[in-house]
């Protein structure tokens, strides 16, 4: 369904004043009739405050990628990692600026509709496909967390070794959780109160951050011994290779696993499909105000990511894994609470992520069709089976972070916003050789290079077996 203002019809106003109004106010080009109330974007006046919009966008940014950031720091060094993280944050903010500019000109409030405005129906299909792939990757990362953490939690409560009993195998448990919990929730016709789980997810990740900081000061250097384990148990999954026995932090380092670090960071900052819906709901919407929302949200997540990665790395140094929770003692009470909170959050988030995938598939494959329960159920079943098979076959969550962070993440952050800007902003307003369009072009080229280099190094690691030899 087209989401454009009929008065604008996706066309640029003839007068420059109208264009400036759209850039700054996200408003129709013509002012309201005398004595009437000003009409906000899309004839809808948002009621969400600035602070709540920041919270909503922070929820959209926050995800499972935070669990892999300490691993990324271990393979880049503290200073190099923080510099790369800052660059990704700044580039994400710039790409949101491009999206808001395009949306203001075209009068569109959906990422997919920008694709249609730029390239017609084919553009909408491409954008929807990229978003679906990214959400499938997010679902896979959530289910992988269940696969790796749920056996430890159940084994702790039952005083059993999670590696010894068949009913504690992660592959079996994710199938059980998918059938008994996720599938019934995914079959709901509307999200309802499931939409509030994003707030729960952010709360759980804040709890995770506080716990990581606390455990750093409690453990000191956790290399070679485990001060939190009960009855002198070893750290769960602590690798014996590559330990930094001196507990010295590396400021700059480069190794074969660095090909995963930037994709993990890119994966952690993707929020772009949710920017325009949040913009629509914003009270007193303007481009400048929404950009401020984005900057505050990205800045807050940068601080949270930086703290989590730094304290996680300074606890385990070069031995840290891509799924950092696996580094802590299985029986530590605080970490057990963190595991339970994270498991609850990711389990309830999976059906929330599944809803937009199903909606996009129905719009692409069955446009104009009335609601059908058999189709509704079939799409949910196929998606869950596909994701479960993917999670069972993939050896580490790092591979999920790496592949999605190297494909859909640069597409959503770098490539698509720059292409939209080049196609949607008319040459009468910004000539192709103007500095803003040259910047956008370079931004898109950077995204293509980032994708090619990351995928190239990852495939090389897989081909040479260095990924398995790393012990992660």
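A Cβ is built for glycine as well, from the same backbone N, Cα and C atoms used for every other residue.
Per Swiss-Prot, the annotated N-linked glycosylation site among residues 226, 244 corresponds to 226. Looking at the stretches 26-48, 49-71, the one that Swiss-Prot records under the feature transmembrane segment is 49-71.
Between the listed ranges 335-355, 356-376, Swiss-Prot ties the annotation transmembrane segment to 335-355. Taking only the Cα positions, the spacing between residue 221 (disulfide bond) and residue 464 (site 'Involved in pH-sensing to the transport activity regulation') is 32 angstrom. Sequence-distant neighbours of the topological domain 'Extracellular' (147-166) (same chain, 6+ residues past either end, Cβ-Cβ under 8 Å): 172-174, 177, 236, 323, 325-326, 330-331, 336, 339-340, 342-343, 391-392, 397. Taking Cβ-Cβ distances under 8 Å and a sequence gap of 6 or more within the same chain, residue 464 (site 'Involved in pH-sensing to the transport activity regulation') has no neighbours at all. By the Cβ criterion (distance under 8 Å, sequence gap of 6 or more), the transmembrane segment (296-316) is counted as touching the transmembrane segment (88-108), at least 3 such pairs being found. Within the same chain, the transmembrane segment (377-397) stays apart from the transmembrane segment (88-108): fewer than three Cβ pairs sit under 8 Å, each pair at least 6 residues apart.
Stretch with the most C-beta contacts under 8 angstroms to the transmembrane segment (335-355), considering only 49-71, 126-146, 400-420, 440-460: 126-146.
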